[in-house]
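Below are the features listed in Swiss-Prot for this protein:
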- 10-212: domain 'tr-type G' (DOMAIN)
- 19-26: region 'G1' (REGION)
- 19-26, 80-84, 135-138: GTP binding site (BINDING)
- THR26: Mg(2+) binding site (BINDING)
- 59-63: region 'G2' (REGION)
- 80-83: region 'G3' (REGION)
- 135-138: region 'G4' (REGION)
Amino acid sequence: MAREKFERSKPHVNIGTIGHVDHGKTTLTAAISATLAVYSGSKKDISLIDSAPEEKARGITINTAHVEYETETRHYAHVDCPGHADYVKNMITGAAQMDGGILVVSAADGPMPQTREHILLAKQVGVPHLVVFLNKADQVDDEELLELVELEVQELLENYDFPGDDIPFVSGSALLALQAVEGGPKAKGDDKWVDRIFDLMESVDNYIPAPERDTEKTFLMAVEDVFSITGRGTVATGRIERGILKIGDTIEIVGLKDTQTTTVTGIEMFQKTLDEGMAGDNVGILIRGVQKTDIERGMVLAQPGTISPHKKFEAEVYVLGKDEGGRHTPFFTGYRPQFYVRTIDVTGTIVQFTGDDGSAAEMVMPGDRIKMTAELINPIAIEQGMRFAIREGGRTVGAGVVSKILE
(Lines of atoms letter the chains of each structure in order from A; the text may use other names.)
(Lines give C-alpha, C1' and ligand atoms only; values in the text may rest on other atoms or scores of the structure.)
Protein backbone atom coordinates (compact mmCIF):
# COMPACT_ATOMS: atom_id res chain seq x y z
CA MET A 1 0.00 0.00 0.00
CA ALA A 2 1.43 3.36 -1.00
CA ARG A 3 2.02 5.84 1.80
CA GLU A 4 -0.32 8.75 1.71
CA LYS A 5 1.37 11.96 0.66
CA PHE A 6 1.90 14.59 3.32
CA GLU A 7 -0.09 17.63 2.21
CA ARG A 8 1.88 20.77 2.96
CA SER A 9 -1.00 23.15 2.30
CA LYS A 10 -1.32 24.56 5.84
CA PRO A 11 1.47 25.85 8.08
CA HIS A 12 2.74 23.15 10.46
CA VAL A 13 3.10 23.64 14.22
CA ASN A 14 4.31 21.22 16.92
CA ILE A 15 2.50 21.39 20.25
CA GLY A 16 1.98 19.24 23.33
CA THR A 17 -0.08 18.92 26.49
CA ILE A 18 1.69 19.51 29.81
CA GLY A 19 0.46 19.55 33.41
CA HIS A 20 -0.04 17.52 36.58
CA VAL A 21 -0.84 13.80 36.53
CA ASP A 22 -4.58 13.03 36.22
CA HIS A 23 -5.57 16.60 35.38
CA GLY A 24 -6.75 15.34 31.98
CA LYS A 25 -3.91 15.83 29.48
CA THR A 26 -4.59 12.63 27.54
CA THR A 27 -8.38 13.05 27.64
CA LEU A 28 -7.92 16.56 26.27
CA THR A 29 -5.63 15.28 23.51
CA ALA A 30 -8.30 12.75 22.51
CA ALA A 31 -11.05 15.39 22.73
CA ILE A 32 -9.16 17.79 20.45
CA SER A 33 -8.42 15.02 17.95
CA ALA A 34 -12.07 13.90 17.92
CA THR A 35 -13.52 17.42 17.77
CA LEU A 36 -11.25 18.50 14.92
CA ALA A 37 -12.00 15.33 12.93
CA VAL A 38 -14.57 17.59 11.21
CA TYR A 39 -11.62 19.16 9.35
CA SER A 40 -9.44 16.15 8.66
CA GLY A 41 -11.76 13.16 9.01
CA SER A 42 -9.44 11.17 11.27
CA LYS A 43 -9.30 10.93 15.04
CA LYS A 44 -7.17 9.02 17.49
CA ASP A 45 -8.74 6.86 20.17
CA ILE A 46 -7.85 7.61 23.78
CA SER A 47 -6.63 4.05 24.46
CA LEU A 48 -4.11 4.41 21.62
CA ILE A 49 -2.80 7.64 23.06
CA ASP A 50 -2.37 6.13 26.51
CA SER A 51 -0.43 3.07 25.32
CA ALA A 52 2.24 5.20 23.71
CA PRO A 53 5.10 3.45 21.92
CA GLU A 54 8.65 3.70 23.24
CA GLU A 55 11.14 5.89 21.44
CA LYS A 56 14.84 6.36 21.82
CA ALA A 57 16.31 9.85 22.01
CA ARG A 58 19.97 10.36 22.89
CA GLY A 59 20.11 6.88 24.37
CA ILE A 60 17.04 7.34 26.57
CA THR A 61 13.79 5.44 26.22
CA ILE A 62 10.73 7.68 26.26
CA ASN A 63 7.05 6.90 25.81
CA THR A 64 5.32 9.51 23.70
CA ALA A 65 2.12 9.48 21.70
CA HIS A 66 1.93 11.53 18.53
CA VAL A 67 -1.43 12.73 17.27
CA GLU A 68 -2.03 14.91 14.23
CA TYR A 69 -4.99 17.12 13.61
CA GLU A 70 -5.96 20.23 11.68
CA THR A 71 -7.78 23.44 12.42
CA GLU A 72 -9.13 25.64 9.63
CA THR A 73 -5.79 27.40 9.30
CA ARG A 74 -3.09 24.99 10.53
CA HIS A 75 -1.78 21.45 10.69
CA TYR A 76 -0.67 20.32 14.16
CA ALA A 77 1.53 17.51 15.44
CA HIS A 78 0.63 16.99 19.09
CA VAL A 79 2.72 15.05 21.59
CA ASP A 80 1.31 13.56 24.79
CA CYS A 81 3.32 11.54 27.31
CA PRO A 82 1.69 8.96 29.59
CA GLY A 83 3.99 9.32 32.59
CA HIS A 84 5.55 12.26 34.41
CA ALA A 85 9.08 10.92 33.93
CA ASP A 86 8.40 10.71 30.19
CA TYR A 87 7.53 14.40 30.15
CA VAL A 88 10.72 15.35 31.91
CA LYS A 89 12.79 13.19 29.55
CA ASN A 90 10.95 14.37 26.45
CA MET A 91 11.34 18.04 27.29
CA ILE A 92 15.01 17.75 28.15
CA THR A 93 16.04 15.61 25.17
CA GLY A 94 13.82 17.54 22.79
CA ALA A 95 12.69 14.19 21.38
CA ALA A 96 9.48 15.88 20.31
CA GLN A 97 10.15 19.59 19.97
CA MET A 98 7.33 21.87 21.00
CA ASP A 99 6.66 25.26 19.44
CA GLY A 100 4.07 25.80 22.14
CA GLY A 101 2.16 23.93 24.80
CA ILE A 102 -1.31 23.55 26.27
CA LEU A 103 -1.02 23.63 30.05
CA VAL A 104 -3.84 21.53 31.51
CA VAL A 105 -4.93 22.39 35.05
CA SER A 106 -7.85 20.74 36.81
CA ALA A 107 -10.24 23.52 37.84
CA ALA A 108 -11.39 21.29 40.69
CA ASP A 109 -7.88 20.93 42.17
CA GLY A 110 -5.93 24.00 41.05
CA PRO A 111 -2.21 24.00 40.31
CA MET A 112 -0.26 21.05 41.76
CA PRO A 113 3.48 20.26 42.11
CA GLN A 114 3.89 18.91 38.57
CA THR A 115 2.02 21.93 37.19
CA ARG A 116 4.83 24.05 38.60
CA GLU A 117 7.51 21.64 37.46
CA HIS A 118 6.23 21.51 33.88
CA ILE A 119 6.05 25.32 33.69
CA LEU A 120 9.62 25.54 35.00
CA LEU A 121 10.75 22.94 32.47
CA ALA A 122 8.95 24.72 29.64
CA LYS A 123 10.84 27.89 30.59
CA GLN A 124 14.22 26.16 30.93
CA VAL A 125 14.07 24.12 27.74
CA GLY A 126 12.56 26.85 25.63
CA VAL A 127 8.90 26.02 24.99
CA PRO A 128 8.18 29.62 24.03
CA HIS A 129 4.38 29.92 24.35
CA LEU A 130 1.69 28.36 26.55
CA VAL A 131 -2.11 28.41 26.45
CA VAL A 132 -4.04 27.25 29.55
CA PHE A 133 -6.99 24.86 29.60
CA LEU A 134 -8.86 24.70 32.93
CA ASN A 135 -10.27 21.19 32.75
CA LYS A 136 -13.06 19.54 34.77
CA ALA A 137 -14.95 22.86 34.87
CA ASP A 138 -18.18 20.83 35.09
CA GLN A 139 -17.15 19.89 38.65
CA VAL A 140 -16.93 23.53 39.74
CA ASP A 141 -20.30 25.17 40.42
CA ASP A 142 -18.91 28.46 41.62
CA GLU A 143 -17.66 30.93 38.98
CA GLU A 144 -15.52 32.65 41.63
CA LEU A 145 -13.64 29.42 42.28
CA LEU A 146 -12.77 29.19 38.59
CA GLU A 147 -11.48 32.75 38.69
CA LEU A 148 -9.39 31.94 41.76
CA VAL A 149 -7.76 28.98 40.02
CA GLU A 150 -7.11 31.17 36.98
CA LEU A 151 -5.40 33.79 39.17
CA GLU A 152 -3.29 31.11 40.87
CA VAL A 153 -2.14 29.72 37.53
CA GLN A 154 -1.44 33.24 36.22
CA GLU A 155 0.74 33.95 39.23
CA LEU A 156 2.60 30.68 38.77
CA LEU A 157 3.25 31.51 35.11
CA GLU A 158 4.48 35.00 36.05
CA ASN A 159 6.92 33.43 38.55
CA TYR A 160 8.63 31.69 35.65
CA ASP A 161 8.61 34.75 33.36
CA PHE A 162 5.66 33.74 31.21
CA PRO A 163 3.31 36.67 30.47
CA GLY A 164 0.46 35.49 32.71
CA ASP A 165 -1.82 38.40 31.78
CA ASP A 166 -1.55 37.79 28.03
CA ILE A 167 -1.84 34.01 28.07
CA PRO A 168 -5.28 32.83 26.93
CA PHE A 169 -7.30 30.79 29.45
CA VAL A 170 -10.13 28.51 28.32
CA SER A 171 -12.21 26.45 30.75
CA GLY A 172 -14.10 23.32 29.83
CA SER A 173 -14.45 19.58 30.29
CA ALA A 174 -12.35 17.34 28.07
CA LEU A 175 -14.33 14.28 29.16
CA LEU A 176 -17.77 15.74 28.42
CA ALA A 177 -16.55 17.09 25.07
CA LEU A 178 -15.13 13.68 24.18
CA GLN A 179 -18.38 11.94 25.14
CA ALA A 180 -20.38 14.44 23.06
CA VAL A 181 -18.37 13.89 19.87
CA GLU A 182 -18.38 10.11 20.27
CA GLY A 183 -22.00 10.25 19.15
CA GLY A 184 -20.85 11.77 15.85
CA PRO A 185 -19.06 14.94 14.74
CA LYS A 186 -20.33 18.21 16.17
CA ALA A 187 -20.30 21.59 14.47
CA LYS A 188 -19.68 24.79 16.40
CA GLY A 189 -22.77 25.66 18.42
CA ASP A 190 -24.03 22.06 18.79
CA ASP A 191 -22.67 21.38 22.27
CA LYS A 192 -21.34 23.77 24.89
CA TRP A 193 -18.44 21.52 25.94
CA VAL A 194 -17.34 20.81 22.37
CA ASP A 195 -17.46 24.56 21.73
CA ARG A 196 -14.92 25.03 24.53
CA ILE A 197 -12.53 22.75 22.61
CA PHE A 198 -13.06 24.85 19.47
CA ASP A 199 -12.40 27.96 21.61
CA LEU A 200 -9.21 26.41 22.96
CA MET A 201 -7.90 25.60 19.49
CA GLU A 202 -8.79 29.08 18.27
CA SER A 203 -6.62 30.45 21.11
CA VAL A 204 -3.81 28.09 20.11
CA ASP A 205 -4.14 29.16 16.45
CA ASN A 206 -4.00 32.83 17.35
CA TYR A 207 -1.61 32.90 20.31
CA ILE A 208 1.07 30.34 19.46
CA PRO A 209 3.03 31.72 16.50
CA ALA A 210 4.10 29.48 13.65
CA PRO A 211 7.78 28.65 14.22
CA GLU A 212 10.61 29.95 12.10
CA ARG A 213 11.53 27.07 9.82
CA ASP A 214 15.04 25.59 9.93
CA THR A 215 15.88 26.90 6.46
CA GLU A 216 15.08 30.47 7.56
CA LYS A 217 17.58 30.36 10.42
CA THR A 218 21.29 31.19 10.25
CA PHE A 219 23.55 28.51 8.73
CA LEU A 220 25.15 25.91 11.02
CA MET A 221 26.70 22.49 10.39
CA ALA A 222 28.56 20.29 12.86
CA VAL A 223 31.67 18.74 11.31
CA GLU A 224 31.59 14.93 11.29
CA ASP A 225 34.61 14.18 9.13
CA VAL A 226 37.39 15.96 7.23
CA PHE A 227 39.17 14.95 4.02
CA SER A 228 41.74 16.61 1.86
CA ILE A 229 41.38 16.36 -1.90
CA THR A 230 44.64 16.83 -3.76
CA GLY A 231 44.63 19.98 -5.84
CA ARG A 232 41.25 21.12 -4.52
CA GLY A 233 41.65 21.59 -0.80
CA THR A 234 39.89 20.51 2.38
CA VAL A 235 36.38 19.07 2.59
CA ALA A 236 34.31 19.00 5.79
CA THR A 237 31.31 16.66 5.85
CA GLY A 238 28.21 16.66 8.02
CA ARG A 239 24.49 17.29 8.12
CA ILE A 240 23.37 20.90 7.84
CA GLU A 241 21.50 21.57 11.09
CA ARG A 242 19.89 24.82 9.98
CA GLY A 243 19.96 27.54 7.36
CA ILE A 244 21.11 27.58 3.75
CA LEU A 245 24.69 27.65 2.43
CA LYS A 246 25.71 28.86 -1.03
CA ILE A 247 29.00 28.64 -2.90
CA GLY A 248 31.01 31.80 -2.24
CA ASP A 249 29.58 32.32 1.27
CA THR A 250 31.93 33.34 4.05
CA ILE A 251 31.72 31.05 7.09
CA GLU A 252 33.43 30.64 10.44
CA ILE A 253 34.96 27.46 11.85
CA VAL A 254 34.11 27.50 15.56
CA GLY A 255 35.19 25.40 18.55
CA LEU A 256 38.22 23.57 20.01
CA LYS A 257 40.71 26.09 18.54
CA ASP A 258 40.66 29.79 17.66
CA THR A 259 37.78 30.70 15.36
CA GLN A 260 38.84 30.86 11.69
CA THR A 261 37.08 32.49 8.75
CA THR A 262 37.00 30.90 5.31
CA THR A 263 35.10 30.86 2.02
CA VAL A 264 33.00 28.02 0.62
CA THR A 265 34.35 26.99 -2.79
CA GLY A 266 32.16 23.93 -3.37
CA ILE A 267 29.22 21.93 -1.99
CA GLU A 268 28.66 18.27 -2.82
CA MET A 269 25.95 15.76 -1.98
CA PHE A 270 26.02 12.09 -3.10
CA GLN A 271 28.96 12.87 -5.43
CA LYS A 272 26.99 15.61 -7.19
CA THR A 273 27.80 19.30 -6.95
CA LEU A 274 25.21 21.71 -5.61
CA ASP A 275 24.87 25.49 -5.78
CA GLU A 276 23.42 25.49 -2.29
CA GLY A 277 22.87 23.13 0.62
CA MET A 278 20.00 23.49 3.09
CA ALA A 279 18.89 22.27 6.52
CA GLY A 280 18.69 18.47 6.56
CA ASP A 281 21.17 17.85 3.72
CA ASN A 282 24.19 15.61 4.30
CA VAL A 283 26.92 17.45 2.43
CA GLY A 284 30.63 17.81 1.84
CA ILE A 285 31.76 21.44 1.95
CA LEU A 286 34.95 22.45 0.19
CA ILE A 287 36.65 25.32 2.01
CA ARG A 288 39.45 27.61 0.87
CA GLY A 289 42.82 28.07 2.55
CA VAL A 290 42.24 25.70 5.46
CA GLN A 291 44.60 22.80 6.14
CA LYS A 292 43.16 19.41 7.02
CA THR A 293 44.93 19.71 10.39
CA ASP A 294 43.12 23.00 11.17
CA ILE A 295 39.66 21.47 11.27
CA GLU A 296 38.33 18.39 13.06
CA ARG A 297 35.20 16.57 14.12
CA GLY A 298 33.32 18.50 16.78
CA MET A 299 33.89 21.93 15.31
CA VAL A 300 31.00 23.69 13.61
CA LEU A 301 30.79 25.68 10.41
CA ALA A 302 28.49 28.66 10.88
CA GLN A 303 27.42 32.01 9.53
CA PRO A 304 29.95 34.54 10.92
CA GLY A 305 29.06 36.07 14.26
CA THR A 306 26.17 33.70 15.05
CA ILE A 307 27.79 31.25 17.49
CA SER A 308 30.87 31.40 19.68
CA PRO A 309 32.97 28.91 21.65
CA HIS A 310 32.28 28.53 25.37
CA LYS A 311 33.44 26.35 28.25
CA LYS A 312 31.08 27.05 31.11
CA PHE A 313 27.29 26.82 31.13
CA GLU A 314 24.21 26.04 33.20
CA ALA A 315 21.96 23.19 32.12
CA GLU A 316 18.77 21.40 33.06
CA VAL A 317 19.66 17.70 33.24
CA TYR A 318 17.84 14.40 33.61
CA VAL A 319 20.00 11.65 35.14
CA LEU A 320 19.10 8.14 33.97
CA GLY A 321 17.87 5.65 36.54
CA LYS A 322 19.68 2.31 36.83
CA ASP A 323 16.78 0.46 35.17
CA GLU A 324 17.33 2.74 32.15
CA GLY A 325 20.97 1.71 31.82
CA GLY A 326 22.22 4.63 33.87
CA ARG A 327 24.46 4.66 36.92
CA HIS A 328 23.64 2.62 40.01
CA THR A 329 25.22 5.13 42.39
CA PRO A 330 24.88 8.87 42.89
CA PHE A 331 27.46 11.35 41.67
CA PHE A 332 28.80 14.39 43.46
CA THR A 333 30.04 17.86 42.57
CA GLY A 334 33.43 17.50 40.91
CA TYR A 335 32.19 14.53 38.81
CA ARG A 336 33.98 14.46 35.42
CA PRO A 337 31.96 12.78 32.68
CA GLN A 338 32.01 13.39 28.92
CA PHE A 339 29.52 15.82 27.43
CA TYR A 340 28.42 14.61 24.00
CA VAL A 341 27.56 17.73 22.03
CA ARG A 342 26.46 17.43 18.38
CA THR A 343 29.30 15.23 17.08
CA ILE A 344 31.89 15.18 19.85
CA ASP A 345 32.56 13.97 23.40
CA VAL A 346 34.24 16.66 25.52
CA THR A 347 35.34 16.02 29.09
CA GLY A 348 33.94 18.45 31.62
CA THR A 349 33.59 18.93 35.36
CA ILE A 350 30.29 19.44 37.13
CA VAL A 351 30.98 22.46 39.30
CA GLN A 352 27.67 22.66 41.16
CA PHE A 353 24.14 21.31 41.40
CA THR A 354 21.09 23.49 42.15
CA GLY A 355 17.60 22.34 43.14
CA ASP A 356 14.39 23.89 41.73
CA ASP A 357 14.15 26.14 44.80
CA GLY A 358 17.66 27.51 44.22
CA SER A 359 19.29 25.55 47.06
CA ALA A 360 22.67 23.92 46.47
CA ALA A 361 22.76 20.13 46.27
CA GLU A 362 25.87 18.06 46.93
CA MET A 363 24.89 14.90 45.11
CA VAL A 364 22.49 13.64 42.50
CA MET A 365 20.75 10.27 42.47
CA PRO A 366 20.00 8.19 39.36
CA GLY A 367 16.50 9.16 38.13
CA ASP A 368 16.76 12.78 39.35
CA ARG A 369 16.27 15.98 37.40
CA ILE A 370 18.68 18.75 38.41
CA LYS A 371 20.11 22.07 37.33
CA MET A 372 23.89 21.95 37.02
CA THR A 373 26.82 24.16 36.16
CA ALA A 374 29.44 22.46 34.00
CA GLU A 375 32.88 23.49 32.81
CA LEU A 376 34.44 21.82 29.76
CA ILE A 377 38.19 21.32 29.24
CA ASN A 378 37.97 22.63 25.64
CA PRO A 379 35.80 25.46 24.33
CA ILE A 380 33.16 24.32 21.86
CA ALA A 381 30.31 26.02 20.00
CA ILE A 382 27.47 26.19 22.52
CA GLU A 383 24.18 28.09 22.50
CA GLN A 384 21.18 28.37 24.76
CA GLY A 385 18.63 25.62 24.11
CA MET A 386 21.24 23.21 22.76
CA ARG A 387 20.79 19.55 23.73
CA PHE A 388 23.56 17.19 24.83
CA ALA A 389 24.10 13.80 26.41
CA ILE A 390 26.26 13.04 29.44
CA ARG A 391 28.31 9.90 28.93
CA GLU A 392 30.64 7.78 30.95
CA GLY A 393 32.85 5.30 29.10
CA GLY A 394 30.59 5.43 26.05
CA ARG A 395 27.26 4.81 27.80
CA THR A 396 24.70 7.54 28.31
CA VAL A 397 24.12 8.45 31.96
CA GLY A 398 22.13 11.64 31.47
CA ALA A 399 20.65 14.12 29.04
CA GLY A 400 20.59 17.87 29.26
CA VAL A 401 19.73 21.17 27.65
CA VAL A 402 21.78 24.37 28.00
CA SER A 403 19.72 26.96 29.89
CA LYS A 404 22.38 29.69 30.22
CA ILE A 405 25.91 30.35 28.97
CA LEU A 406 28.29 31.55 31.68
CA GLU A 407 31.65 32.03 29.93
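Cβ from N, Cα, C; glycine included.
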What same-chain residues, at least 6 away in sequence, bring their CB to under 8 Å of the CB of GLY19 (GTP binding site)?
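In sequence order, LYS25, LEU103, VAL104, VAL105, GLN114, THR115, HIS118 meet the Cβ cut-off.
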When the region 'G2' (59-63) is classified with DSSP, how many of its residues are helical, how many are strand and how many are coil?
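Helix/strand/coil tally for the region 'G2' (59-63): 0 helix, 4 strand, 1 coil.
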Using a 10 Å radius around its CB, how many other CB atoms surround ASP22 (GTP binding site)?
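Cβ-Cβ neighbours of ASP22 (GTP binding site) within 10 Å number 13.
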Take the C-alpha atoms of CYS81 (GTP binding site) and the residue listed as 'Mg(2+) binding site' and report the distance between them in angstrom, rounded.
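Rounded to the nearest whole number, the Cα-Cα distance is 8 Å.
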If one looks at the chain holding ALA137 (GTP binding site), which residues at least 6 apart in sequence have a CB under 8 angstroms from its CB?
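Listed in sequence order, they are ALA107, LEU146, SER171, GLY172, SER173, ARG196.
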Please spell out the DSSP helix, strand and coil residue counts for the region 'G4' (135-138).
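Counting residues by DSSP class gives 2 helix, 1 strand, 1 coil.
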Sorted by position, what residues of the same chain at least six away from HIS84 (GTP binding site) have a C-beta under 8 A from it?
VAL21, GLN114
